[in-house]
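Novice: Starting off with a structure, shown below.
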Amino acid sequence: FTYFAGFRNDHEKRDFLSCGAAAGVAAAFGAPIGGVLFVLEEGASFWNQSLTWRTLFCAMVSTFTLAFFISGMAASWGTLGGQAGTFTLGPFTLSTYQVWEIPIFICMGAGGGVQGALFNAVNLRLSRFRGRWIQTKGVMVLEAVVLAVAVTTVAFWLSATWGSCHPLPPLKPVASVGGSTKEDEDAYPYRDEMVRFYCPRGEYNDLATLLLSPGESAIRHLFHAPPETFDMYNLFGSYMFWLATTCLACWTYGLKVPSGLFIPALLVGAAYGRLWTRLINHVTLHMPHAKTTDARIYGLIGSAAMLGGITRMTISLTVILLECTGNVEYGLPLIVTLFSARWVGNYFNHGIYDIHIHLRQLPFLDWDPPVEGSRMRVKHVMTRHPKSVRTVERAGLIWDYLSLTTHNGFPVVVDDPTFGPKFFAGIILRKQLTVVLAQKDFRSLKPRPFSRHPPQEPNDVAGDAAATCLSYQDMEAAYPNYPEPDVGYTLSDAYVA
């Protein structure tokens with residue numbers, strides 16, 4: 001499509017990728033601001049003001065479009081204001097926490113950082129094994145089939161062996177004194193999503209509800225179910241659920257299938273948070289004036305701790321979860337949890353995204369230099385005796401430099417009466433010189449050197465009198481493969497300015 005040729009350059013492709021990532025996060029979680037911050041924190045290596053409003057606009061349009069079609073699925077086209085994303089965490093309007101619980105949230109974040117570091121270390125070794133032994137399409141398909149069988153077998157076995165039956169929680173309002181009705185505090189809106197799994201009628205299997213349900217449904221159960229709904233106080237059963245879910249999620253990430261990391265990490269973290277709920281309620285059971293902890297807020301904090309420990313995201317993940325819950329009061333607990341998870345996790349290894357970037361040897365420039373770089377000097381990374389060019393140079397000499405050297409930048413030097421004949425004036429890249437030669441942007445007569453006050457009369461141009469200098473668009477139009485500097489005739493007497 002020649003009409004879109006102007007978009008075929010590094011700058012535009014980076015912007016499109018950033019906008020697409022922001023739109024995807026916004027559509028998934030109904031979090032347009034969080035999508036923009038996700039790109040800023042994890043996805044973009046170049047950022048500017050125009051990219052900010054572009055990504056925000058794309059995220060807003062993505063959220064609006066999804067909400068519009070969701071309203072159509074509910075037979076109310078154009079009536080917006082309900083579900084904003086494909087994945088919802090459920091209502092958190094009645095969930096509260098105490099100020100004294102903030103240190104507990106910090107400890108939960110530290111535990112999430114340790115779990116995330118362990119997850120990343122195992123996934124790193126598994127990815128290296130994949131890169132070495134799983135390379136053909138047949139083996140990739142076989143691994144996916146084996147994983148599917150393993151997930152189904154483990155989920156069924158755990159549900160049948162360690163799962164226990166419990167009565168279904170109440171769903172409808174109950175009558176109060178005086179004949180009026182009020183909503184039961186234990187009413188549970190997601191009762192219909194619970195899995196019976198060979199339990200008597202009117203009961204459900206706790207592990208089957210978590211393992212044999214979609215990930216989104218299992219997360220909502222762990223977030224909003226009453227503390228006694230899932231018997232997470234069974235330490236061995238809880239450990240088996242955490243271990244199985246973590247191992248399967250670690251195995252799945254990196255598989256050649258369209259899978260993600262957010263939902264499994266949120267699921268494991270929600271179970272981790274409910275364990276903290278049961279532990280704290282057991283410790284404070286005999287304390288005077290002690291209030292029971294809210295399982296919903298601890299499930300949310302546990303999910304943030306686990307996901308933050310794996311990805312090491314802080315600002316963007318805080319905003320994403322805030323937009324999902326719609327409750328800004330959770331901002332401080334979430335941010336202290338995520339910072340704690342990040343600090344503890346970084347003590348052991350990098351985040352999962354950075355690990356896979358390094359595994360694929362992608363040329364991604366980190367914000368901070370590596371630790372070993374603090375002991376290096378410029379001379380350790382510079383090319384010795386680099387070839388330099390002047391502001392006006394013979395095309396044949398440039399051809400020789402490109403053919404005989406490997407470094408990417410060439411210093412541009414000028415004659416200076418104070419500093420000598422090789423005063424550094426700037427740098428020109430290999431790809432720019434390649435495009436200049438490939439476009440034959442040179443002249444047979446030597447032009448005047450560069451001056452801040454050029455003369456009014458133009459230089460003589462050989463061949464075509466209408467020849468002009470290359471523009472920035474001409475340079476970028478050579479993307480994606482910069483051509484070889486094969487100009488087709490002798491360059492010894494042609495000059496590049």
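Heads up, the Cβ atoms here are built off N, Cα and C, so glycines get one too.
Grabbed the feature section from TrEMBL, which reads as follows:
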{"type": "TRANSMEM", "residues": "20-40", "note": "transmembrane segment"}
{"type": "TRANSMEM", "residues": "52-77", "note": "transmembrane segment"}
{"type": "TRANSMEM", "residues": "97-119", "note": "transmembrane segment"}
{"type": "TRANSMEM", "residues": "140-160", "note": "transmembrane segment"}
{"type": "TRANSMEM", "residues": "232-253", "note": "transmembrane segment"}
{"type": "TRANSMEM", "residues": "260-277", "note": "transmembrane segment"}
{"type": "TRANSMEM", "residues": "297-322", "note": "transmembrane segment"}
Novice: Which residues of the same chain, at least 6 past either end of the transmembrane segment (260-277), have a Cβ under 8 Å from a Cβ in it?
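Specialist: Beyond its ends, the transmembrane segment (260-277) has Cβ neighbours at 28, 87, 104, 108, 111-112, 115, 210, 215-216, 218-219, 222-223, 227, 230, 232, 238, 241-242, 245-246, 248-249, 252-253, 293-295, 298-307, 310-311, 352.
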Novice: Does the structure show the transmembrane segment (20-40) and the transmembrane segment (140-160) touching, where I'm treating 3 or more Cβ pairs under 8 angstroms (sequence separation 6 or more) as a contact?
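Specialist: With fewer than 3 qualifying Cβ pairs, these stretches do not touch.
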Novice: Residues of the same chain, at least six outside the transmembrane segment (97-119), with any C-beta under 8 angstroms of its C-beta?
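Specialist: Same-chain contacts beyond the ends: 246, 249-250, 268-269, 272-273, 276, 280, 291, 293-294, 297-298, 301-302, 304-312, 332-333, 336-349, 352.
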